[in-house]
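First up is the structure itself, then whatever we jot down about it.
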Amino acid sequence: MDAVFYFLCAAYALVSSIALIQLVRIEVRVPEYGWTTQKIFHLMNFIVNGVRAVVFGLHKLVFLLHPKVLISVLLDLPGLLFFSTYTLLVLFWAEIYHQARGLPTDKLKIVYISVNAALYLIQVCIWIYLWINDNSVVEFIGESFIAVVSFMAALGFLIYGGRLFFMLRRFPIESKGRRKKLNEAGYCRLDLSQPSVSRVF
């Protein structure tokens, strides 16, 4: 079983490193734009996968932590960060979709921040309750909450990723490069929604 944990640690560390390299490349290439959605996405991806790599790498120590709520925090936090990271990508897609349709985009960021703040507040309340009164019912509620959050991220991916994909398909494609990018967007939508759905089941 240790080999599986160390393999997952290496895989998440690799993905985290790639995200950091992408962030540095973008910053070196276009530093004048400041913190764009793309840069924030890569930074959050680096943090999410880095935390998961540490948790899997130190799994023997993680399960020995006391109080028990610390274990829940370390295991649940990457799921919440994953939600924030990939709903940021959904926000980016939603902004593109709304701009292309001539719809207002000013409230999308407010919705993103409000939803994330509410989810973190609920999860922190669950952790505090587990710290005060550790019982299996609240632990189950906490695990179910993370599953629902993951499902919501997958749903956002499928809705806005699908809308954007089908909207872009209507535009004429003059080159193989544009067709390839369109196909990548479609595959990305399906591929990135799978981890969220798998957390539910």
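Each Cβ is built from the backbone N, Cα and C atoms, and glycine gets one as well.
TrEMBL lists 2-187 with the feature domain 'THH1/TOM1/TOM3'. According to TrEMBL, the transmembrane segment annotation covers 6-28, 40-59, 79-98, 110-132, 144-166.
Tertiary proximity for the transmembrane segment (79-98) is limited to same-chain residues at least six positions away from its ends with a CB under 8 Å from its CB atoms, namely 37-38, 40-41, 44-45, 47-48, 51, 104-105, 108-109, 112, 115-116, 119-120, 123, 146, 149-150, 152-153, 156-157, 160-161, 163-164, 167, 192, 195-196, 199. The transmembrane segment (40-59) is not in contact with the transmembrane segment (110-132), judged by fewer than 3 CB-CB distances under 8 Å for residue pairs 6 or more apart in sequence.
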